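Visitor: Annotation source TrEMBL lists xanthine binding site at A:L20, A:N27, A:K156. Annotated 5-phospho-alpha-D-ribose 1-diphosphate binding site per TrEMBL: A:A128, A:N129, A:G130, A:Q131, A:A132, in sequence order. Sequence annotations record features per position, and here TrEMBL assigns domain 'Phosphoribosyltransferase' to A:39-157.
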Protein chains: 2
Amino acid sequence: MRALLEKIAAEGEVVAGGVLKVDRFLNHQVDPHLMKRIGEEFADQFRGERPTKVLTLESSGISPALMTAYELGVPLVVARKRRPLTMTGEVYRAEVYSFTKQEANEIVVSRSLLDGFDRVLIIDDFLANGQAALGMVEVVRQAGAAVVGIGIVIEKAFQDGGRLLRSRGFRVVSLARIASLADGVIRFHEEVMNG
Amino acid sequence: MRALLEKIAAEGEVVAGGVLKVDRFLNHQVDPHLMKRIGEEFADQFRGERPTKVLTLESSGISPALMTAYELGVPLVVARKRRPLTMTGEVYRAEVYSFTKQEANEIVVSRSLLDGFDRVLIIDDFLANGQAALGMVEVVRQAGAAVVGIGIVIEKAFQDGGRLLRSRGFRVVSLARIASLADGVIRFHEEVMNG
């Protein structure tokens, strides 16, 4: 998605440890019009799969996922990292291991929000090693629902997540694929492919 | 806002401890079309104040705040409850005390995202004792920016937050005001006012 690639090139920043910082438009500060375009793009890509729900993980996934759900005309379900006081009923739960923080966290979704008739589109802001997406896939599996696709705003194509998810048969659509952040330079997959 | 009051009456639930659970349309599951209408309403109410940024707190504030920022055509800034690894520069910070969890948490915003020229509209999903809103006000104050208004989706009018903020001169617009949750019954301010 050209507008996104241009935004990453112009405002993305590689910080210590090879982390891509996009907090001027995707997570800490959010560009609502870019999110709208991202939502339209995901909706166009996945409308044919007839999703009944969009699922994301708090909190950085919410903005692109909300706009996608809006375009598709379906509810958004936000998986929680901490079980809030108001979540009183039965839940689906999955473990998500964070390599950056080196800790395992549980994600939870109320059982009342997903069932065996749901066709779930998973949306997240980043795909690196795929642990968050796999946690959401597990939640959908527990509900007996189907994953109809996985939409990712920025895929770190030099990490394993994309391969892992695609090898399991999931259709993964990434709007920007980063081939490398080596030497603090952001190189897109498309650039590398074209030499 | 009538559509919101109807949704709260139909799908809101009072759980143990007098907590209002609205997780079928506002936070755990989110109704994107209702969020769009909420965003339009806040934009209409505050457009005249010429806000340059919308500020909210992760994660339940993001959905209504994103739609408001979209309608106003300004960026959304999401105050963080935990400082992420990518937040490397200088920050504004404030303490927010949670009466329900009985713990103090810090909220942080990167200094690069707010400055003395900003006119900030604060949006949040709930207003109870006002601690979260006051934390955001403090962040704006540190930036030397102005708070042009506070938009709240659901105000618990039987708690002190609304009075506290209004007594400090802030214009607070709440789309639904709950007068009481006693005996597990949701009573709106408007109903109580009309007898």
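Backbone N, Cα and C atoms are what each Cβ position is placed from, and that goes for glycine too.
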Visitor: Can you tell me the mean pLDDT for the domain 'Phosphoribosyltransferase' (A:39-157)?
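Guide: Over the domain 'Phosphoribosyltransferase' (A:39-157), the predicted model scores a mean pLDDT of 95.
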Visitor: For each of the binding-site residues (A:L20, A:A128, A:A132), count the other CB atoms lying within 10 A of its CB, then report the residue with the highest count.
Guide: A:A132
Visitor: Using the centroid of the Cβ atoms of A:A128, A:N129, A:G130, A:Q131, A:A132 as reference, list every other same-chain residue with Cβ within 8 Å of it (recorded 5-phospho-alpha-D-ribose 1-diphosphate site), in sequence order.
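Guide: Going along the sequence, the neighbours appear as A:V96, A:F99, A:L127, A:A133, A:L134, A:Q159, A:G161.
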Visitor: Between C-alpha atoms, which of these binding-site residues comes nearest to A:A132 (5-phospho-alpha-D-ribose 1-diphosphate binding site): A:L20, A:N27, A:K156?
Guide: A:K156
Visitor: Using Cα-Cα distances with a 10 Å cut-off, which of the binding-site residues A:L20, A:N27, A:K156 are near A:A128 (5-phospho-alpha-D-ribose 1-diphosphate binding site)?
Guide: A:K156
Visitor: Where's the emptiest Cβ shell within 10 Å among the binding-site residues A:N27, A:N129, A:Q131?
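Guide: Comparing Cβ neighbours within 10 Å for the binding-site residues A:N27, A:N129, A:Q131, A:N129 has the fewest.
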Visitor: Select from the binding-site residues A:N27, A:N129, A:G130, A:Q131: which have any Cβ-Cβ contact with chain B shorter than 8 Å?
Guide: A:N27
Visitor: Just give me the nearest neighbour of A:N129 (5-phospho-alpha-D-ribose 1-diphosphate binding site) among the binding-site residues A:L20, A:N27, A:K156, Cα to Cα.
Guide: A:K156
